[in-house]
Amino acid sequence: MKLQHPYHRLRLTFRHQSRCFATKYSGRVVVEDKNGRSFAVEVDAPTLQTDSRGYALPRRDLICKISQIVKSPPSPSTDPFLDLSDYLDTLTLTLTPSEASEILKSLKSPTLALKFFRFCPSQIPKFRHDCFTYNRILLILSKSFNPTRPDCVREIVDEMERIGVRGNISTVNLLIGIFGDGQGGDVKELIRCLDLVKKWDLKLNCYSYKCLLQAYIRLCNSDKALEVYQEMRRRGYRLDIFAYNMLLDALARDQKVDQAHKVFEDMKKWHCEPDEYTYTILIRMTGKLGKPGESLAFFQEMLSKDISPNLIAYNTMIEALAKGRMVDKSIFVFSKMVENSCRPNEFTYSIILNVLAAEGQLGRLDEVVEISKRYMNKSIYAYLVRTLSKLGHASEAHRLFCNMWSFHDRGDRDAYLSMLESLCNAKKVTEAIDLLNKMNEKGVKADTFMYNTVFSALGKSKQISHLHDLYEKMKQDGPSPDIFTCNILISSFGRAGEVEEALKIFEELENGNCTPDIVSYNSLINCLGKNGDIDEAHMKFIEMQEKGFNPDVVTYSTLIECFGKTEKVEMARRLFDEMLAAGCYPNIVTYNILLDCLERSGRTSEAVSLYAKLKEQGLTADSITYTILERLQSGSHRTSRVRRQNPITGWVVSPLR
């Protein structure tokens, strides 16, 4: 090395000595010019320090420099390993495996770490990975979620065997953990790990057995896990509480009841005290087997050992009792749960609700509410109301809702909506309207969806006066009607024969902020056609096409039925052909409508051909189809059948409605 001035040497020495982990170099001047301005220095190879076992201590300055090169390239497009090669070419020393291990440890990215691992033996002369660097890369890969991880690990193990690197027990433990976590591993891989133990002349320790046990459990192989446990017992190794619980849970899931009981007894014999999770596993196991008595015995044993059950333990116990239809004991355990300041959650109440409903004792829900009154907030009330409504118990839901109304100043929007839907489904529309009007008292503002729910119920029950009044109130006080509101109203007025009102709503829709959609047109066409104004219905059909709406199967089916009932069979057939030409495929309802129309008009051969087309399209005939076919076969047309007439249009009511 040549230095241009003597002070460079002093500065070099100071820089290296100022870094506490730097490698120290020694050298001597071999050439110097007469004026001393230029000289050459020969540097001796440093003597690397070793630890007590004789292993070379890593050079921290080298580790830091290489880590910096690999992790922080000058630009994203730069290959850091080319820079690393250039840097290593300037050194006369070879990187040691312990230093490579430290560099790997500093790399956060498993992909980058694997690249560096491959770089070392391929680009550094005389470098050879040892057991410790292999363990380091395996540890890094064990924390990776890359889907190619199992293949990378297999390649590394194959390489170790190929070049004759003997792993240690840590290597085996790492491999068991990797292949036993369910991410690409299987039982065969674990067997290979055990073969490596024999090949490398190793002995499994207690930790190895625990890793193997947990690996088999994660791979859902409780038989193998039990074999490992029995081998551990023979060798005098003991499991900790976590491993015992894992084994018990695996045996319980596979319904290996006798083995689970035996492991539980072993657990207590080996002075590993069960905890609340242990007992919860056993309670769940016996509860699923329909043995609530045994579940209760485990629960009482847990209490006798002064183990405080947590929420999961209480819920599991109540669920086991509920499965056995033991209502009294379910409520008793629930009361103890509250007494011990364990707050019930929605799942707790759902278990109680289901068993009360199954046993016809929903009247005892008041008792449950009273027991847990200190935990009863509007969210719990709302959940109970929603659940009761979904289960079809409208009266109980309404009674509980009234309690919520009395005890809480502010209401819950979901509970109010559930109660509205429940009342509407029970056809208690007067109560639904009353609730809609009183919501504001509890700080809940009735929204458009709520109004639409009530509008739909009123329309189905044809309570037109209430429908008028509520719609006027909505327009006056808010919220604003939306497209769904208008569609419901058009359909409702049409169902009740109020054609003028339906047309009025449609005009409001056209002149307002909302634009009619295909459902709006379908509802109006249905209203006009079913109430005798088939020409106006057909005009609306043409209008919707002119405005860019493509008629759907509902549109065509409605018009085909309307033309068929007014004995305009040719028009019905023409619409059907137009429907097919437009690429709108008829469904079974469409075919039934046209079949009925053809059969009533005595066009038997056309009806038979249409039925053949139905089968060609791959549709399945339903009961209505077969009824029409029976009439076709019997040849019983108009004169032999008496049909009820519609009081408004005079139409004969078809079997489709």
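Residue 1 is the first one shown; counting continues down the chain.
Glycine is treated like the rest: Cβ placed from N, Cα and C.
Broken down with DSSP, the repeat 'PPR' (205-239) shows 27 helix, 0 strand, 8 coil. The repeat 'PPR' annotation in TrEMBL covers 205-239 (among others).
Away from its own ends, the repeat 'PPR' (240-274) comes close to residues 210, 213-214, 217, 220, 222, 225-226, 229, 233, 281-282, 284-286, 289, 302, 305, 307 of its chain (Cβ-Cβ under 8 Å, at least six residues beyond either end). Marked as repeat 'PPR' by TrEMBL: 240-274 (among others).
Remote same-chain partners of the repeat 'PPR' (275-309), defined as residues 6 or more beyond its termini with a Cβ less than 8 Å from a stretch Cβ, comprise 241, 244-245, 248-249, 252, 255, 257, 260, 264, 267, 316-317, 319-321, 323-324, 326, 329, 333, 337, 340, 342. Feature annotation from TrEMBL assigns repeat 'PPR' to 275-309 (among others).
Within the chain, the repeat 'PPR' (310-344) has long-range Cβ neighbours (under 8 A, six or more residues past its boundaries) at 276, 279-280, 283-284, 286-288, 290, 292, 295-296, 299, 302, 351-352, 354-356, 358-359, 361, 364, 367-368, 371-372, 374-375. Per TrEMBL, the feature repeat 'PPR' maps to 310-344 (among others).
Long-range contacts of the repeat 'PPR' (412-446) within the same chain, counting only residues at least 6 positions beyond its ends with a Cβ under 8 Å from a Cβ of the stretch, are 378-379, 381-382, 385-386, 388-390, 394, 397-398, 401, 404-405, 453-454, 456-458, 461, 463, 466, 470, 479. Feature annotation from TrEMBL assigns repeat 'PPR' to 412-446 (among others).
Mean pLDDT for the repeat 'PPR' (447-481) in this predicted model: 90. Here TrEMBL flags 447-481 (among others) as repeat 'PPR'.
Here the repeat 'PPR' (482-516) has Cβ contacts under 8 Å with residues 448, 451-452, 455-456, 458-460, 462, 464, 467-468, 471, 474, 523-524, 526-528, 530-531, 533, 648 of the same chain, all six or more residues outside its ends. Feature annotation from TrEMBL assigns repeat 'PPR' to 482-516 (among others).
Positions annotated as repeat 'PPR' by TrEMBL: 517-551 (among others).
The annotation repeat 'PPR' is assigned in TrEMBL to 552-586 (among others). In the repeat 'PPR' (552-586), helix, strand and coil residues by DSSP number 26 helix, 0 strand, 9 coil.
According to TrEMBL, the feature repeat 'PPR' maps to 587-621 (among others).
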Cβ contacts under 8 Å made by the repeat 'PPR' (552-586) with residues that lie 6+ beyond its boundaries: 518, 521-522, 525-526, 529-530, 534, 537-538, 541, 544, 593-594, 596-598, 600-601, 603, 606, 617, 651-652, 654, 656
